[in-house]
Structure formats: structure tokens, C-alpha cells
């Protein structure tokens, strides 16, 4: 397992939305065991459910790409006010109980000190390490947002083309390489059949499977998706729970499950990046750590609070 040291300052000038006071060890004086407490909670969960890595990665991405990394995705809806949780892309986001458990332990140790936004960031990093991915020092010091509106949720979809998806990433100051790298998180992910079922039998209204998908995979996924309640399938059919570069090898073998995944291997702008990551796991690990630090620094200004309960504003 490689350890990657990266400086937050290297990204500050690239990201106009970045918050300048994020720094590694932000809680070293105010809550010295903060990161250790989060790590212990994640370790406990991972020991019984290795899929938590994919769940936390998705939560982190869905949080940061809406209003910056401000934990707005954690807010529960009320009778009077709907939250981001009710938006279509977030209905299958899970792992909230891990954040709740970490927050409870942190409130007992250091009341009103550690933000829920930092808990998401740290928990995601720790879960990636447990799955065999890169370890990196993550800056902290985020504040929890004061807005959670389902209408703000506008995320790249599973059937997007590379150019469509790239628009979402460049709007956040991210590059093409960042996008291909972050989609590599699908190496531990799953998707509900409804996100890709059209590729199995009626791709773009043709009445036939997507010709860019390996026929053997089509057959396999049809069996999985024949069940009730919108089943899920692994996005990396090879090493489904290991955080490695096998996702890219699968894409090169025409075994990308979601359309956007396979597009990465077909589009001229991204095919070379995919091949590079497929042949060099170390390069992918380093690029992933860098991209996660960059995404984790997305913030909508300095306004915010330290929530006592991650599911509700103070």
C-alpha cells in the first residue's frame, strides 16, 4: 500500500471555491484524537461490510459536487422542508449510520468541535485505505453548510457521454484526468440495474444490447437484473471489493457496466488515460489521492457551523 503526501496549498490556486484555512491536522489541538475516532468507527463497519467503501465514496462525491463539501447531503427532510436526500440521485446513497456513529463519539470527546463535513471526508479516506487504496493526509477545517435543497442536486448521470460528464467536472474546477480518475472509484462500486438495463436489451431504442458491451457480460447481467426490487451489480466484475486499477482493465475488455464507464475507454480524449491507469496501478493510486484532495477542497465560501447532529441544522 503506498502512502502519498500531498500539500493542500498546491491546489488552492487552481480552485476559486477552495477555502484557504483547510489544513492537515486542523484538530490537533482542539480534538487530538478526532481522526483516530473516525478511523475506529470506519474500521468497525468495514470489518462487517466491505461495501461501505463504495457507499462513502458516493456520499462524499454527491456532497462535494452540489454545494461544496459541506455535509448538506446529511440533512434529513422535515414535513416543511425537503432536503438533498430526496433528490433522485441521492435516494440510493447510504452509509449515513457510519457518520452518525462517528459524530456521536466525537461529540462525547470534543463537543461542537469536529464538523460533519470533515467526518465524511476522513471516513471516506479511511475506507479507501482499508480496501487497499492509497493513504494520504487529508486537510480538515470544513464547516457544515446551512442549506440543503433537492433542487440544487445536479450530478452527472450514468448514461452521460464523456463530454457531457466533463462539463460537470470542469464547472467544479476539475480536469479531464480528474474525472477519469474519480470514476475509477467504481472499482469498488455497484449500480442498480435501472441505471444500465437499457444497455442489455434495448440500447438507445435499437431493440438490441449495446454493441460496446462484452456479450458474455450482457448475459451475466441479464440474469442478475431479472430479479425483483431493482437488484445491483458490481461495476468491477473482477476484484469487486478491492480498491485497485482493475476497473480500467475491465473497461478495456468492453466490460464497463454503466454507459459512462464504457465511454471512457472509447472516447479519444480519455482512452489513453484509461490505458495508462490499466497498465500502472501506482499511477492510478497517486492520481486518485490527488483528485480526492482536490475534490475535498471544494467549498462554497466560509459560512457555516459545527452541527451537533449531522442530520439537522443547529
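Quick reminder: no glycine exception, Cβ is built from N, Cα and C everywhere.
For 62, the entry in TrEMBL reads active site, proton acceptor.
Around residue 72 (Ca(2+) 1 binding site), a 10 Å sphere centred on its CB holds 28 further CB atoms from the protein chains shown. Per TrEMBL, the feature Ca(2+) 1 binding site maps to 63, 66, 68, 70, 72, 84.
Under the heading substrate binding site, TrEMBL lists 156.
In the structure as shown, the Cβ atom of residue 186 (heme b binding site) sits within 10 Å of 25 other Cβ atoms. According to TrEMBL, the feature heme b binding site maps to 186.
Under 8 Å, Cβ to Cβ, and six or more positions away along its own chain, residue 244 (Ca(2+) 2 binding site) finds 132, 133, 187, 281. The Ca(2+) 2 binding site annotation in TrEMBL covers 187, 236, 239, 244.
The disulfide bond annotation in TrEMBL covers 31-110 (among others). For residue 31 (disulfide bond), the Cβ neighbour count at a 10 Å cut-off comes to 18, with all displayed protein chains included.
Among the features that TrEMBL reports, disulfide bond is placed at 64-69 (among others). Taking a C-beta cut-off of under 8 angstroms and a sequence separation of 6 or more, residue 69 (disulfide bond) has the following same-chain neighbours: 60, 63, 117, 120, 121, 142, 295, 296, 297, 298, 299.
Annotated disulfide bond per TrEMBL: 116-310 (among others), in sequence order. Applying an 8 A CB threshold to same-chain residues 6+ apart, the list for residue 310 (disulfide bond) reads 71, 74, 96, 99, 100, 103, 116, 119, 144.
Its Cβ taken as reference, residue 225 (disulfide bond) is surrounded by 18 other Cβ atoms within 10 Å in the chains shown. Per TrEMBL, the feature disulfide bond maps to 193-225 (among others).
Taken from TrEMBL, the feature domain 'Plant heme peroxidase family profile' covers 21-314. The average per-residue pLDDT of the prediction over the domain 'Plant heme peroxidase family profile' (21-314) is 95, rounded to a whole number.
Under the heading signal peptide, TrEMBL lists 1-20.
What TrEMBL records for 58 is site 'Transition state stabilizer'.
Of the candidate recorded positions, 31, 110, 156, the one lying closest to residue 62 (active site, proton acceptor) when CA atoms are compared is 156.
In this structure, 110 is the one among the disulfide-bonded residues 110, 116, 193 with the smallest number of other Cβ atoms inside 10 Å of its Cβ. The two recorded residues residue 68 (Ca(2+) 1 binding site) and residue 110 (disulfide bond) have their Cα atoms spaced 25 Å from each other. Here is what falls inside 10 Å of the CA of residue 64 (disulfide bond) among the binding-site residues 70, 72, 84: 70, 72.
Around the Cβ of residue 66 (Ca(2+) 1 binding site), a 10 Å sphere holds 27 further Cβ atoms from the protein chains shown.
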